[in-house]
Amino acid sequence: MKFALVLALAVSMVAAKRVGQNPACPNPNQGRQCLIYRDQCSSDSQCQSEGKGDICCLVNGCGRECMPLPTHKSCPDPGSYNRYCFAFIHQCDSDRECERNKKCCLVGGCGRSCEVV
């Protein structure tokens, strides 16, 4: 009876730890069940403020650690906007300043802005 209670508690802890995963994080479901978690971070902002990475991800189901944002998506070609500009206005300097699923891109040679990629 005690074993079943401990097992149920452990399973609920595993399920609770997986809630709140940043969608940019890799899939942590590697078939591992862990009873001990070793978290190196608790939030994306902690990773960024300590300079350890961009996002706090659950890794291999056994703890959270700071990771860089995946860079598999790229900005559109700046020439594809068909714009000619007289002034350069930068709305961002890096992807960190953009909302989720956006990148800081050079837009038509007019400056950088957060764009959906």
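Heads up, the Cβ atoms here are built off N, Cα and C, so glycines get one too.
Quick look at what TrEMBL annotates:
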DOMAIN    15-70  domain 'WAP'
DOMAIN    74-117  domain 'WAP'
SIGNAL    1-16  signal peptide
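Mean pLDDT of the predicted structure over the domain 'WAP' (15-70): 73. DSSP places the residues of the domain 'WAP' (74-117) in helix, strand and coil in these numbers: 7 helix, 10 strand, 27 coil.
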